[in-house]
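Visitor: I grabbed these lines from Swiss-Prot:
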TRANSMEM  27-47  transmembrane segment
TRANSMEM  98-118  transmembrane segment
TRANSMEM  129-149  transmembrane segment
TRANSMEM  165-185  transmembrane segment
TRANSMEM  203-223  transmembrane segment
TRANSMEM  248-268  transmembrane segment
TRANSMEM  269-289  transmembrane segment
TRANSMEM  297-317  transmembrane segment
TRANSMEM  340-360  transmembrane segment
Amino acid sequence: MIMYATAVQTINSFVRLESLKEVYGLIWIFVPIFSLVLGIITGVLVIVWLEREISAGIQQRIGPEYAGPLGILQALADGTKLLFKENLRPSRGNTPLFSIGPSIAVISILLSYSVIPFSNHLVLADLNIGIFLWIAISSIAPIGLLMSGYGSNNKYSFLGGLRAAAQSISYEIPLTLCVLSISLLSNSLSTVDIVEAQSKYGFWGWNLWRQPIGFIIFLISSLAECERLPFDLPEAEEELIAGYQTEYSGIKFGLFYVASYLNLLISSLFVTVLYLGGWNISIPYISILELFQRDQIFGTTIGIFITLAKTYLFLFISIATRWTLPRLRMDQLLNLGWKFLLPISLGNLLLTTSFQLFSL
């Protein structure tokens, strides 16, 4: 009986250990995801505040100043206001499409953050096809916009959705060709491998210098994918009121608002990863890898800071562009994508392939 009781206690202890392992496993799954989502939300709030301050400076006026010190809580106040607004629905619209559209737009963009390396090995999912996963997922967002436009039963909304789909198709191809050129140089589709390939040669090893034409095309295509001026045709106020967002209010309108800034942030992060060396500081005699070997936490913190500093540099350029260039017409937008960017990006890919073949 004593041996039997001892065996039962041993089995129970093993069962408890296994259950604890499962609990800890679930915790370590949700903690990184929660941390990433919290960081993304904070980043979006910072972008909104920066855009308002930079826009105010360019227009020589005073920006937000009442909601918190220097107006840093203005975006949070606007989001809270949208949460408590009434959620209206068009009486003759397609309710399922109208309701699902904003969620598809936000979720598809959020999934793209899983392959972004914020520092050395600090990535949610280091996949062998990470860069193609981003391209595949980002092509889903325009479907949500088209569903929203069609489900609104409004001619302005429907035109905005059609414009969003046409614009996405026109600029997705040049952007993909630029990514293929980077993959050929790095011999990998993993975002971590692409950053490490640039880190081997320091500052001059950045793909910005090895692919200057691809960088310019990627920059233009990213702005078009984010529907930023001068490419904001799907929601042109003077022509379509608010485009596919015309019939939305409350939290659903807020989701579209958040999706646009999420898309801008993810595009800026991919510019940093693909062309600006990612977390690599690229200063002589200072190596992030050495910092990791000495103090992993300190090295990770420095890597995150460097990645975000490069990202917000591109964000500043996109915000300044908004108040610098006039909006294009729809025919000019499509001509730029199909007649100029597509042939140039294809030629750039062929040149990159030729150089890689001759270097073997």
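Using N, Cα and C of the backbone, Cβ positions are placed for all residues, glycine too.
From a predicted model like this one, the values you see are computed outputs, not experimental measurements.
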Visitor: Taking the transmembrane segment (165-185) as the reference, which of 27-47, 129-149, 248-268 gives the largest number of Cβ pairs under 8 angstroms?
Guide: 129-149
Visitor: Which range out of 27-47, 98-118, 297-317, 340-360 gives the transmembrane segment (248-268) the most CB pairs under 8 Å?
Guide: 98-118
Visitor: Mind checking which residues of the chain, 6+ beyond the ends of the transmembrane segment (340-360), have their Cβ under 8 Å from one of its Cβ atoms?
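Guide: Residues packing against the transmembrane segment (340-360) from afar: 171, 173-174, 177-178, 180-181, 184-185, 211, 213-214, 217, 220-221.
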Visitor: Which sequence-distant residues neighbour the transmembrane segment (98-118)? Criterion: at least 6 residues beyond either end, Cβ under 8 Å.
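Guide: That would be 36-37, 40, 89-90, 124-127, 130-131, 133-134, 137-138, 140-141, 143-145, 147-149, 151-152, 191-192, 195, 244, 247-248, 252, 255-256, 258-259, 262-263, 266, 269-270, 273, 278-279, 303-304, 307-308.
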